[in-house]
Amino acid sequence: MPDAKSDSLTTALLKFFACFVLVIVVLLLELIQRSIFSKASIESIKQLQENDAKSTVGFFKFIYFLGDARCYYVLVMLFFNFFSRQTSFYLSLVISQCVFVETFLKLVLRAGRPYMKTSKIFPFVCELSFGNPSGESMMAVAFVIVVGLYVINKLKDQQDDLTDRQKVSLAITIIFSIMMIILFSIQGSYNGNNTIDEILFGIELGLMIGCFSHFYVLPRLDKHLTNLMDGIFINRYRQVCVGSLVMVMMTFIVTTIAYMASVSSFQPEYQWLYQISVKCPVSKQLNELVFHDAVYVEIGFIFYTFGSYLGLVIDSKEYKGTHRTVNSTGVKQTLIRLAISILLIVPLYILPIFLIKSARFVLLVLLVKYGLPSFLIGFVLYGYSKLLYKRFNLISDDMLNDSNVSFASRQESDEDDDKPGNNRMTLRKDKTLEEYDKNMKKNINTF
């Protein structure tokens, strides 16, 4: 046993060292790319913007809004109706990692947008925050990688060979994903908001986050959430909630420290302010969220993941958890679930976009416009939507995690699951602590 623990510690340290080296390499690449492409980007963006047809401008504006972090969260919220809760939560965690990395690095690097630095470039979309790294390219790459690797793993688990239709669908999906990454990257330059080096930096970060999430975060998160749904933490819900709160608050505090440092030491160049006032009439008086303020408020998006996790805890504690095949239903039931989710998403998550965004109330904007709506929609979806779905028979039923199943049925199911030939162990309130200890010793898993 000590050898296994020693090997596990060694493996963990090696992985940590590899991640540290990778971060250093990516940061060094950013410095090299900036020295090569920073000035050359101005001319390339100018040439790109020569095609200023109304349809082209409108198309790239649409791509810009499609690449916003809020759109990714909405997409993950809709995925909630198709995938297991563990999978949809994992995808939201990946997006939250991207939001944190983007926010932190922008507050540290404080790079102005290309249109702020020269009169040769016009912003078809006025981004008033810092530009490095490109958030759109980073999230696009990270999202495509984690979804792609997830699909590949599912196909590996599939015993039958792929049908011709599945092969065609997979090929179309791959081509579409590559096109979306290219479009999200090009729009940054076309709209005058990102240089080539910022886009490349975003792609590298997205690649790193995607691979790190799949190979390191996913296995541990999947085990943790499975244990949570199975009731393994039945006597430790408070500690679990406190642990998640500490992680979120650490992320928030680190970002806030970077924001405070930016507020105290950053002084925008006169050229930047002049170009904004000339090219972005809505910000003529610079009374909206600009530079560090515009970056900082977006950290409120991560509270969606925190709300979702607390919702999972409520689901496990009060409603005996949710099995993975809960969304394995007919098309009609799936569409109704989707419609109900949209009815929840619009008032709680979309409408706050139209609230005031004055620079005089930065923390209030962060909480009311970003943090609170994100937290509420995650908490409601993961914690209580199942009650509504069950009321109208919109989800698949399963006695393993159903609070309406009788005590005798659950006990019989648990006894079957704990037999020597079965690796699944389900602990609910009807199991004794002695049985729990016995099964924990028998099923111990050392990383």
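Placed from the backbone N, Cα and C atoms, the Cβ positions cover glycine too.
Fair warning: this is a prediction, and the values are worked out from it, not measured in the lab.
According to TrEMBL, the protein has these features:
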- 12-32: transmembrane segment (TRANSMEM)
- 62-82: transmembrane segment (TRANSMEM)
- 89-109: transmembrane segment (TRANSMEM)
- 90-214: domain 'Phosphatidic acid phosphatase type 2/haloperoxidase' (DOMAIN)
- 137-156: transmembrane segment (TRANSMEM)
- 168-187: transmembrane segment (TRANSMEM)
- 199-219: transmembrane segment (TRANSMEM)
- 240-261: transmembrane segment (TRANSMEM)
- 294-314: transmembrane segment (TRANSMEM)
- 335-355: transmembrane segment (TRANSMEM)
- 361-384: transmembrane segment (TRANSMEM)
- 408-428: region 'Disordered' (REGION)
Region pair the transmembrane segment (89-109) / the transmembrane segment (12-32), three or more CB pairs under 8 Å
no
Can you work out whether the transmembrane segment (137-156) touches the transmembrane segment (199-219), with the criterion being 3+ CB pairs under 8 Å where the paired residues are 6 or more apart along the chain?
yes
Residue numbers, six or more beyond the limits of the transmembrane segment (168-187), whose CB comes under 8 Å of its CB atoms:
48, 60, 63-64, 66-67, 134, 136-137, 139-141, 144, 147-148, 151, 155, 162, 199, 202-203
On the DSSP side of things, how many residues of the domain 'Phosphatidic acid phosphatase type 2/haloperoxidase' (90-214) fall into helix, strand and coil, could you say?
93 helix, 0 strand, 32 coil
Count the Cβ pairs between the transmembrane segment (361-384) and the transmembrane segment (294-314) that lie under 8 angstroms and are 6 or more residues apart in sequence, then report whether there are at least 3.
yes
Any idea what the model's mean pLDDT is for the domain 'Phosphatidic acid phosphatase type 2/haloperoxidase' (90-214)?
87
Annotated stretches the transmembrane segment (335-355) and the transmembrane segment (62-82) touching (3 or more Cβ pairs under 8 Å):
yes
